[in-house]
Amino acid sequence: MSSDGLSSFSPVGISVKIELLQRGQACSRDETADDPRLPHRLQPSRTVGLEQLRQLGVLYWKLDADKYENDPHLEEIRRERNYSWMDIITISKDKLPNYEEKLKMFYEEHLHLDEEIRYILEGSGYFDVRDREDKWIRIAMEKGDLITLPAGIYHRFTLDEKNYVKAMRLFVGEPVWTAYNRPADHFDAREQYVKFLAQSA
């Protein structure tokens, strides 16, 4: 693994990730209030590269989700970043209790006091994160994508039009699921994140 936290694994390393993002996997999002499951790309589209995400503290890996139970690449990431806890969640109408309520909760703009780590095993969805100008960046997540959002970043999640995702949730130590809806600027995690943004500018 490289010093910036991005995987250099072969054959699904940096070049593949950059290619994915250049195909529009991460882009600036419009501000309309239409169905959140739609792509919502700005017109004209503005693609966001891996380096721009890294400068926001967002890390990304592309792995082989079919091998998640015994993937040495995943194990190395977990070991390097101390992701000691994991479970698997399926978000769909027939699998998730209180489905509509949970989707609304996931899509409320919020932050966590710890990293949020998600590895997509099946299906797809979107993470929206705020950039330095407080504009939304939409990150399209699909099978094999692993993402880490830093503590203190404002973000939200939604399914796409397929209405299905199965994801591994990873955590450092015991999981704490508390989401703090915006505004939550008084938390130390937010203050530290703002300092990080200033230093990485």
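Glycine too: its Cβ is placed from the backbone N, Cα and C atoms.
Keep in mind that TrEMBL annotations are predicted by a computer and have not been checked by a curator.
In TrEMBL this protein carries:
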BINDING   HIS110, HIS112, GLU116, HIS155  Fe(2+) binding site
BINDING   HIS110, HIS112, GLU116, HIS155  Ni(2+) binding site
What same-chain residues, at least 6 away in sequence, bring their CB to under 8 Å of the CB of HIS155 (Fe(2+) binding site)?
GLU109, HIS110, LEU111, GLU116, PHE127, ASP128, VAL129, ARG130, LEU149
Tell me the Cβ neighbour count for HIS110 (Fe(2+) binding site), meaning other Cβ atoms within 10 Å of its Cβ, over all protein chains shown.
19
Can you name the residues of this chain that are 6 or more positions from HIS112 (Fe(2+) binding site) yet have a C-beta less than 8 Å from its C-beta?
LEU149, ALA151, GLY152, VAL176, THR178, ALA179, TYR180, ALA189
Taking the centroid of the Cβ atoms of HIS110, HIS112, GLU116, HIS155 as the Ni(2+) site, which other residues of that chain lie with their Cβ within 8 Å of it, listed in sequence order?
LEU111, LEU149, ILE153, TYR154, ARG156, ALA179
Specify the count of other C-beta atoms within 10 Å of the C-beta of GLU116 (Fe(2+) binding site).
21
